[in-house]
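Feature annotation from TrEMBL assigns domain 'EXS' to 220-419. Residues or ranges marked as region 'Disordered' in TrEMBL: 403-422. Sequence annotations record features per position, and here TrEMBL assigns transmembrane segment to 21-38, 58-81, 102-126, 138-158, 291-308, 329-350.
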Amino acid sequence: MKGSAIPAVTIMPSPLFLWRFKVILFLLWGLCCCKIGWDSVMRMSADLRDLFLYEAFLYYNPLLLVALMIWLWGVNLWVFAQSSVNYARVFDLAQTHLSHREIWRCATWLTLIVPTSMTAYLYLYSHGEVSLAASQPVLLYAILLMVLFSPFDMFFLSSRFYFLRTVWRIILPLQAITFPDFFLADIFTSMSKVFSDLERSVCRMVNRQVATIAWFEADSICGSHSVAIPLVLVFPYLCRFFQCLRQYKDTKEKTCLLNALKYSTAVPVIFLSALKYHVFPDKWVSFYRPLWLISSVINSLYSFYWDIKRDWDLSILTRIFMFKNPSTWTNLLYGQIWVYYWVLASNLVLRCKWTYKLSAHLRHNYLTVFTIAALEILRRFQWVFFRVENEWNKMTAKQNLEMSSDMPSEGDRLLDSNSHTV
């Protein structure tokens, strides 16, 4: 009719188009960061270029590894959601818990912010703005801490509270140990190098050594020979050790003591390695290095045995990849014998990979250290699949046993039917 309003038609782009557009923007952003960062590094003098690149990498590489862990944790949750593993029940999560998409969203923001701050640090320093460059990692760390500890109902408050509460229970195991407590503590043992770098970064920020030459001295308060380094490295293992003792106190199971022994074998490895920087080279080579090698082999093999024998159930290996809906991943991974051999071989190799730290120059070879830390996170990512599935199978088996015990037996049913016969 004349004068009637014509309804507006809203044209929305398809989700696939939006996803591709975001990927293109992400790649363009990555290329810009790489180009600006590379040009900034090339502007520095040759004698200081590697040192300041090492310092920049020290501030930002632990956060990049945290982002990697969050990305992989999202993959873990996605696989659990596709399979029959109810991870929300395993971890006793509320209905408002984060899904894998929300986990990936957090990882995306962290992946964007950290390299951007690093690029700004390199650009400002190379152009003579030293004070502004020094403020970049400080601002980044401060913002992340405020987001993590913010009491306001934003940025997934309930999930942050759950995480911080679990961390507090790990540090002070004064209560009964739950599955989330020792699960997160196990992940922290794989991130001990990340915590060590975070400690060194915060130490330099507090002592105003960011973008200065004061930190170059290895024996300085925040230097590479600091006593705090082995203390931070060993702290996650000590937390896990005391958790096992607490479990033994509650359950009286001897396997808890054997598990505590496994974590205690990491202590001599860490402190003997630290002695390399505090004793004469001849004494290290003749006495301490053989002890270090023996302790490292014991720790690696003991941990590998515990993964295979206790944490996983190899009789049901790869069943987690039997998805509810048909999937390429199911055809590729479920019931394949090569997955069995891959899990065994890769776990053993990655358990022993950190013995390369015997090289004296490794602490300053930041790319090698980053690669080793990333490989350890990948090993833990693989470990999560089978550890959570094993726990879920225990829960379902216990539930089925309780249900069968509550059901009346055949004889009881016959007696009951006879008593009602007239």
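Just so you know, glycine gets a Cβ as well, placed from its N, Cα and C.
Unlike curated entries, TrEMBL annotations are predicted automatically.
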Other than its close neighbours in sequence, what residues sit by the transmembrane segment (291-308), given a CB gap under 8 Å and a spacing of at least six beyond its ends?
259, 261-262, 265-266, 268-269, 272-273, 276, 314, 344, 347-348, 351-352, 354-355, 358, 383
The transmembrane segment (21-38) versus listed stretches 58-81, 102-126, 138-158: most Cβ pairs under 8 Å:
102-126
Can you give me the average pLDDT across the domain 'EXS' (220-419), rounded to a whole number?
79
Cβ under 8 Å, sequence separation of at least 6 from the ends of the transmembrane segment (58-81): give me the contacting residues as numbers and ranges.
87, 99-101, 103-104, 106-107, 110-111, 114-115, 117-118, 121, 137, 140, 144, 187, 191, 194-195, 197-198, 200-201, 210, 320-321, 329, 366, 369-370, 373-374, 377-378, 380-381, 384-385, 388
